[in-house]
Amino acid sequence: MAGLRARRGPGRRLLVLSTLGFCLMLQVSAKRPPKTPPCPPSCSCTRDTAFCVDSKSVPKNLPSEVISLTLVNAAFSEIQDGAFSHLPLLQFLLLNSNKFTLIGDNAFIGLSHLQYLFIENNDIWALSKFTFRGLKSLTHLSLANNNLQTLPRDIFRPLDILSDLDLRGNALNCDCKVKWLVEWLAHTNTTVAPIYCASPPRFQEHKVQDLPLREFDCITTDFVLYQTLSFPAVSAEPFLYSSDLYLALAQPGASACTILKWDYVERQLRDYDRIPAPSAVHCKPMVVDGQLYVVVAQLFGGSYIYHWDPNTTRFTKLQDIDPQRVRKPNDLEAFRIDGDWFFAVADSSKAGATSLYRWHQNGFYSHQALHAWHRDTDLEFVDGEGKPRLIVSSSSQAPVIYQWSRSQKQFVAQGEVTQVPDAQAVKHFRAGRDSYLCLSRYIGDSKILRWEGTRFSEVQALPSRGSLALQPFLVGGHRYLALGSDFSFTQIYQWDEGRQKFVRFQELAVQAPRAFCYMPAGDAQLLLAPSFKGQTLVYRHVVVDLSA
């Protein structure tokens with residue numbers, strides 16, 4: 001028994017000592033001061049402040065009561081979304097002398113109490129317009145001494161009560177992207193320290209606050225692909241009939257003249273009807289006395305005139321065009337002189353003659369043979385100064401100008417455009433008081449000529465090897481020239497009013513265009529490009545504000 005008690009003695013003492021020690025610990029802990037708040041190794045912390053150096057990320061193990069955080073010389077470059085959301089009471093945030101290059105859209109989300117934000121001496125060159133989203137209490141913001149070249153529009157909109165802003169020390173590029181800032185500085189109640197432009201040269205060292213808004217030319221235009229018609233075509237002619245907008249396309253590959261209708265709801269061109277035409281080169285719609293006619297010019301099998309019957313809602317053949325007179329049509333032009341309707345056909349055959357037809361009561365009748373044996377390629381009707389003229393281009397001689405004689409009721413040869421020995425297409429336009437001709441050439445440069453009162457003079461040559469089509473057109477106050485080629489992409493030129501010349505504006509990926517057609521469709525301004533080898537493309541003209 002004594003031995004048994006001897007063996008249990010040490011164990012019982014250990015148990016007693018352990019119990020006593022635990023009680024003492026409880027007593028001591030009851031008298032110990034509050035526990036030091038958690039703090040990452042790279043930081044110095046108090047209950048409500050943290051100062052961090054060389055941190056590898058935004059510290060997470062910080063007191064939740066922290067209201068002031070400083071990050072210096074951080075070893076990371078990106079501040080990610082929600083990086084400070086674990087510090088909802090933060091009022092002061094200083095991110096100075098770091099290597100930050102990117103700040104996420106919602107980096108400061110959840111900091112509804114933040115009043116002071118300093119992001120200085122970093123490598124930030126761009127910010128998102130949503131960078132400061134959620135900072136509804138921010139009063140002081142500094143972005144000084146970064147690499148900011150621009151600022152997105154409305155970046156400061158979420159900062160309702162911002163009173164002080166510092167943007168000094170940034171290499172601001174004072175182009176259209178900064179125009180909004182100039183406007184904002186003129187109307188804001190925020191105090192902003194003077195900031196200066198680093199570029200462009202004309203604004204270098206100019207104070208941003210003093211830049212005149214009129215110096216910013218920020219409105220430009222663009223042609224964007226709007227609709228693709230999955231078939232080749234060689235001509236396109238828009239027309240209005242019964243208050244609806246249509247488009248007639250010559251499709252020799254499909255053996256048809258295809259009629260499309262503009263859908264004002266879907267804002268697209270839709271299939272409407274077809275006229276059989278095995279070798280169509282041009283489908284010319286004409287609305288005469290409220291009746292719709294389509295002149296179908298074909299290389300083979302004769303050319304015809306069709307009439308739209310609204311009762312049967314179909315096209316019916318109205319008459320033939322004399323195949324002995326029109327052998328190989330290449331272009332059609334319709335026009336009106338002194339109340340009479342005419343159409344002219346350019347004949348490109350060696351034995352053909354360009355011919356003029358006139359509407360009389362119930363059909364079109366031959367009126368005049370203009371130009372025989374010259375392989376004509378294109379026609380352009382010009383009605384200026386009360387003197388109707390018809391210009392005929394040819395692959396074998398210089399373009400010929402005909403003027404309408406009211407006494408003879410015929411076109412009379414007036415002269416030649418001697419500056420161009422041959423031309424595939426001829427178009428005209430007016431700019432101010434001046435009249436111009438545009439002539440495309442398959443071999444050699446296309447020409448822009450200006451009428452000088454007694455003759456044409458060349459004002460510009462445009463490289464255009466392989467060109468069979470060109471078209472000047474006006475959209476609002478913007479004048480353009482579309483110049484196609486069989487060997488390269490289509491070039492869009494824009495008229496420079498100051499230089500009185502076309503300057504290269506845009507390139508369109510159109511293969512072997514055979515025509516260009518401008519078609520306003522409601523508020524959509526469309527450019528159609530029928531292609532001989534590929535799809536027919538529809539581009540939309542849009543206005544772009546570079547300051548947006």
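Including glycine, each Cβ sits where the backbone N, Cα and C put it.
Features of the protein shown, as given by Swiss-Prot:
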type	residues	note
SIGNAL	1-30	signal peptide
DOMAIN	31-64	domain 'LRRNT'
REPEAT	89-110	repeat 'LRR 1'
REPEAT	113-134	repeat 'LRR 2'
REPEAT	137-158	repeat 'LRR 3'
DOMAIN	170-220	domain 'LRRCT'
CARBOHYD	Asn189	N-linked glycosylation site
REPEAT	222-264	repeat 'EAR 1'
REPEAT	268-310	repeat 'EAR 2'
CARBOHYD	Asn311	N-linked glycosylation site
REPEAT	314-361	repeat 'EAR 3'
REPEAT	363-406	repeat 'EAR 4'
REPEAT	410-453	repeat 'EAR 5'
REPEAT	455-497	repeat 'EAR 6'
REPEAT	501-543	repeat 'EAR 7'
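Between Asn311 (N-linked glycosylation site) and Asn189 (N-linked glycosylation site), the C-alpha separation comes to 70 Å. For the repeat 'EAR 5' (410-453), residue counts in helix, strand and coil come to 0 helix, 27 strand, 17 coil, using DSSP. Mapped onto DSSP helix, strand and coil, the repeat 'LRR 2' (113-134) counts 0 helix, 3 strand, 19 coil. A sphere of 10 angstroms centred on the C-beta of Asn189 (N-linked glycosylation site) encloses 7 other C-beta atoms. Under the DSSP three-state reduction, Asn189 (N-linked glycosylation site) is assigned to coil, being neither helix nor strand. Helix first, then strand, then coil: DSSP counts for the repeat 'LRR 3' (137-158) stand at 0 helix, 3 strand, 19 coil. Confidence for the domain 'LRRCT' (170-220), expressed as mean pLDDT, is 95. Beyond the ends of the repeat 'EAR 4' (363-406), by six or more residues, the same chain brings 293, 295, 305, 318-319, 322, 325, 330-333, 335, 337-338, 342-344, 346-357, 412-428, 430, 435, 437, 439 to within a C-beta distance below 8 angstroms of the stretch.
Same-chain residues lying 6+ beyond the ends of the repeat 'EAR 2' (268-310) with a Cβ under 8 Å from its Cβ atoms: 227, 229, 234-235, 237, 239-242, 246-252, 254-262, 316-321, 323, 326, 328-334, 341, 343, 345, 359, 363-364, 538.
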